[in-house]
Amino acid sequence: MGTKIMLVSYKWLKELVDIDVTPAALAEKMSATSIEVEGIEVPADGLSKLVVGHVLSCEDVPETHLHLCQVDTGDETPRQIVCGAPNVKAGIKVIVAVPGARIADNYKIKKGKIRGMESLGMICSLQELGLSDSIIPKEFSDGIQILPEEAVPGDAIFKYLDLDDHIIELSITPNRADALSMRGVAHEVAAIYGKSVSFPQKNLQESDKATSEAIEVAIASDNVLTYASRVVENVKVKPSPQWLQNLLMNAGIRPINNVVDVTNYVLLYFGQPMHAFDYDKFEDHKIVARAARQGESLVTLDGEKRDLTTEDLVITVADKPVALAGVMGGQATEIDANSQTVVLEVAVFDGKSIRKTSGRLNLRSESSSRFEKGVNYATVLEALDFAAAMLQELAEGQVLSGHVQAGQLPTEPVEVSTSLDYVNVRLGTELTFADIQRIFDQLGFGLTGDETSFTVAVPRRRWDVSIPADLVEEIARIYGYDKLPTTLPEAGGTAAELTPTQALRRKVRGLAEGLGLTEIISYALTTPEKAVEFAVAPSHLTELMWPMSVERSALRQNMVSGMLDTVAYNVARKQSNLALYEIGKIFEQEANPKEDLPNELNHFAFAICGLVAQKDFQTQAQAVDFYHAKGILDTLFANLNLKVQYVPTKDLASMHPGRTALILLDEQVIGFVGQVHPGTAKAYSIPETYVAELDMAALEAALPSDQTFAEITKFPAMTRDVALLLDREVSHQAIVTAIESAGVKRLTKIKLFDVYEGVTIQAGKKSMAYSLTFQNPNDNLTDEEVAKYMEKITKALTEQVGAEVR
């Protein structure tokens, strides 16, 4: 939800709260106590010698688009100016930059000649004064700005366009969305300076005809909290007065017409989004706010067709969508120059629903941002009445009596209780109850009780204040953070201890680095294909709705694909002998990715490629292989005192089918190890590479609770070798399992030292030789004891794997 920029007119603010401070001082005070001020801008800065001109005559220059104008700029004689604007004509008041004037980009106006005609200045558009195209009224977007008729020739133009106003740019965090309105900012400034607010009231005169005779409203979704409407008849749609256009442009909003501009004014003033419909374009007189149906669509005011889902909210008439609730109106019912009857809408929609819709459609608006963060329940209907009164005033409309409404909102203050001791302990202050009373009086909050226990009545306009800690924050802000004493904490220190998860991560990291692996950190976001490429059990993908690129669009469900990207990056830079590891998170999603957050699981992974030993005068070069990868894991498991099984698998499509094994711990798959499939390696542009990945949570759950110290025995061990003839398909793991199943307690080590297949061995068979070590920690072993052990082991091998002892 991030921060939202609110552009505050200093002139307008002073009308709402009586302050006598400079804009710079106000900005500093606000930043220190409540809301960060990004900056202050004066649109007139850098502009000079811009005056009102009255076009006395305007003649077309033959065979050109130019016009030769005589302009009264308050001098003794008219000023001749050549102008190319299509909307220049005699009788209008315009902006004139006289010779020596400075306009946007510090451009200086000089006397000149155009097509041989002398031009003593320039008739300006708003763009030439530095205003953005996005906020300039469309009727002036391709031409010059026309000033109000009452503008006096020769006067500086700044006061007529409010370019001399100071625009304070506030950065509003989600918890202070109450300041996304002029009334909210006024309350805040009044609290800071101990002033009172003064909000002008409108005199609403209603006709005898009731709104309920013209319109009916209903709610058919739990995500619509309330919906209310008024009807204004006999409206005259025209441009808004200049003061209203100036106010909107200074707030970053383009003026449209008096009806639409009134709704935007109310948005800025109350923080309450509104919409105006053309009543005569309705096919029915009943408005229903409901969830959209799959397959429905709506052409919004920007001319774009929007395909809707059941997660969207729509305003419907005759069961057809006419607006995307809380985001943007529909083109079919928009206000135009011929509109006569206007339906005004106010509502409160669920912020989460609006956020999903605007995010899915990448359609952010002033309305959607306010619904996402919250609106003041107490002024919803007041805003509706205020807008109707403004239309009565600016559009000569007749307001039907009353309003129609579906759904009710709580408007009474929210009560929060605490004590003076609670406040002082947390702030380190010695405030009195009188101090608390003064602060909450400045905030406009009600207060009852005494220092032992008091209750604060928080107005609905401050929906961010709901618990005692919020009250402490409000007290600290108004009291002054700079006045809070510096105190040391009184609580005694607590000895720190690693959690089991932290301890395991630290141990695994130490073991990995001791084995020669280098830690990397790869991106958690990858492509949808790579996200599941090496996942043993892929789940639903969690994807970004609007990714910067497809390369970083989905949360990973395995670590290996990211490691291979790192391997490829290094190999491309001539670094081919690599041993890398990473401890990070993968993201499994068993539910709906659009509704629920994924599960975050800690995994360990490594990748090795190239040589483990370089060729020198004594040794040959030695390349990595499956057994190097497995050896890393064996060392890891031995240090963790865990016993695992390796089971060959062909189920991982991106791994070599003959050199890959699943890793089982207590019969549960916790990871895999093996060679990356040659085809996959080619796709990544990497050499033969071996990888492994483990579930750290599974390792942690299986760790023995106690590590028992075993005394080093002083009695010697005895070793016996055994050579076995077996079927070629019998694995080393199966042999080890068979040997261990014999139950020989004195067996301490099993080592494979030879594997042979050749002409002396019959087809389909192989020879494997093992060295078995026996040791009694309390006594010397005898040959007879070891012989009995070997007999039991031989029997187990014969029965379980069909081994023939050679």
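Glycine too: its Cβ is placed from the backbone N, Cα and C atoms.
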Identity of the Mg(2+)-site residue among Asp464, Asp482 (reference: Asp470, Glu473, Glu474, source: Swiss-Prot): Asp464
Cβ-centroid neighbourhood (8 Å) of the Mg(2+) site, Asp464, Asp470, Glu473, Glu474 excluded: Asn175, Arg462, Val465, Ala469, Leu471, Val472, Arg477
Cβ packing number for Glu474 (Mg(2+) binding site), 10 Å threshold: 21
Assigned element (helix, strand, coil) containing Asp464 (Mg(2+) binding site), judged by DSSP: coil
Cβ neighbour count (within 10 Å, all chains shown) around Asp464 (Mg(2+) binding site): 17
PLDDT averaged over the residues of the domain 'B5' (411-486): 95
Cβ contacts of Asp470 (Mg(2+) binding site) (under 8 Å, same chain, 6 or more positions away): Val416, Asp464
Cβ neighbour count within 10 Å of Glu473 (Mg(2+) binding site): 17
